[in-house]
Amino acid sequence: MNRIVIVFLVFAALVIGVWLLWGGRFEETFGFDATVAWLRARPGWGGLAGAGLLVSDLLLPVPGTVVMSALGYVYGVVAGGLFAVAGSVGAGIAGYGVGRLMPEKVARRWIGEGDFERSRRLFSGGGGWMIALSRALPVLPEALSCTAGVVRMPFGRFVVAVACGSVPTGLIFAGIGAAGQQAPGWAMVLSLVIPVLLWLGARPLLKQAR
């Protein structure tokens with residue numbers, strides 16, 4: 001098995017383990033109504049607190065789309081959406097940073113020179129769609145962000161990929177919350193389709209910028 005797959009599975013297992021231990025408690029604590037009350041109890045900085053809550057999703061089993069919807073309900077689709085996007089992008093960058101904590105020499109030695117280079121080419125090339133697609137899904141965003149950091153995916157391309165996934169996801173779920181609705185199935189579909197389309201549109205621009 002390619003050792004980069006093992007790296008990804010280790011990160012994924014850590015995320016799943018945290019969910020198994022505390023996921024139920026966090027889902028109760030940060031249900032929609034509870035999150036709305038939590039945000040309103042912090043006048044003046046509740047939006048920033050909500051964004052920080054999304055960043056903490058890297059380590060804690062925070063129900064991200066519920067928090068995004070609550071941000072939209074409390075602050076409206078524009079402001080709530082911006083807080084949601086900022087939190088999602090921040091979580092991605094934090095995960096990338098965690099991956100970068102592994103020194104490159106150690107990563108190359110453990111993964112293997114050939115597998116390391118193949119993995120970096122994958123993430124540096126067309127693999128950004130995986131980062132973009134994952135933002136609305138459980139487990140995958142954290143594991144992929146950390147893995148991208150380990151293999152040194154160029155930071156600029158990583159941020160673009162995260163933004164392609166975070167912007168539509170944050171705005172869609174904030175819009176649902178602002179409308180006072182439960183998340184319909186089409187919201188998840190759009191949160192998976194639009195990020196990939198945005199990434200495909202951004203790739204030619206990134207190539208020109210090289």
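Glycine residues also receive a Cβ, built from the backbone N, Cα and C atoms like all the rest.
Automated prediction, rather than curation, is the source of TrEMBL annotations.
Copied over from TrEMBL, here are the features:
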TRANSMEM  6-24  transmembrane segment
TRANSMEM  45-67  transmembrane segment
DOMAIN    62-178  domain 'VTT'
TRANSMEM  73-99  transmembrane segment
TRANSMEM  158-179  transmembrane segment
TRANSMEM  185-206  transmembrane segment
Secondary structure composition of the domain 'VTT' (62-178) [DSSP: H/G/I, E/B, coil]: 99 helix, 0 strand, 18 coil
Distal contacts, the transmembrane segment (45-67) - CB-CB under 8 A, six or more residues away: 18-19, 22-23, 26-27, 30-32, 35, 38-39, 74-75, 79-80, 83-84, 86-88, 90-91, 94-95, 98, 136, 141-142, 145, 169, 173, 183
Overall pLDDT for the domain 'VTT' (62-178), taken as the rounded mean: 92
